[in-house]
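Copied over from TrEMBL, here are the features:
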{"type": "BINDING", "residues": "ASP87", "note": "Fe cation binding site"}
{"type": "BINDING", "residues": "CYS91, CYS94, CYS131, CYS134", "note": "Zn(2+) binding site"}
Amino acid sequence: MPHRVEQLHRAGLKATGPRLMILEAIGNHLHHPTVEDIYTSLIHDHPSLSRSTVYETLDVFIRNGLCRRVTGAGDRMRVDGTPQDHDHAVCQSCGDIFDIDRQVFPLPSPPAQLPNGLQVKGLRLEYEVICSACREPAEG
Ligand SMILES: [Zn+2]
Ligand SMILES: [Zn+2]
């Protein structure tokens, strides 16, 4: 995974084994995974991995901009390894998170300044949706 090593170095982090496998898991296998999702996907091949290692590694990644924290339905932390700027649509029924491409659905432009001298650095939009799976009538 040479480009994962480079990705860690660019973020100013040492490329340790757990960091590499967790970065790989976020980037390749899962979409907006929870700590539990990542742990479950890795534990079979890496039985010595602990949940707290996953949690701490994600915390480091988030602080160094390698992935971003997603607030979705429920209390569980989820992370997003998609580097491109995008917004999220969160299903109010099942809590699934969908990526919304800003090229297709652009953001409204934010004001440059908010009250109390707050300088606007960015804007993030979260759509509240009902996904197509939840819209279908329940079977039975
Ligand atoms: Zn849904
Ligand atoms: Zn996303």
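Here the Cβ of each residue, glycine as well, is placed from N, Cα and C on the backbone.
Those TrEMBL annotations? Automatic predictions, nothing curated.
Known features from TrEMBL, placed on the structure.
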| residue | record | DSSP (3 states) |
| --- | --- | --- |
| ASP87 | Fe cation binding site | strand |
| CYS94 | Zn(2+) binding site | coil |
| CYS131 | Zn(2+) binding site | coil |
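Applying an 8 A CB threshold to same-chain residues 6+ apart, the list for CYS131 (Zn(2+) binding site) reads CYS91, SER93, CYS94, ASP96, PHE98. There are 14 other CB atoms within 10 A of the CB of CYS134 (Zn(2+) binding site), with all protein chains counted. Each of the binding-site residues CYS91, CYS94 was scored by other CB atoms within 10 A of its CB, and the lowest score goes to CYS94.
Spatially close to the residue listed as 'Fe cation binding site' yet at least six residues away along the chain are ASP99, ILE100, ARG102, PHE105, LEU107, ARG124, LEU125, GLU126, TYR127, judged by Cβ distances under 8 angstroms.
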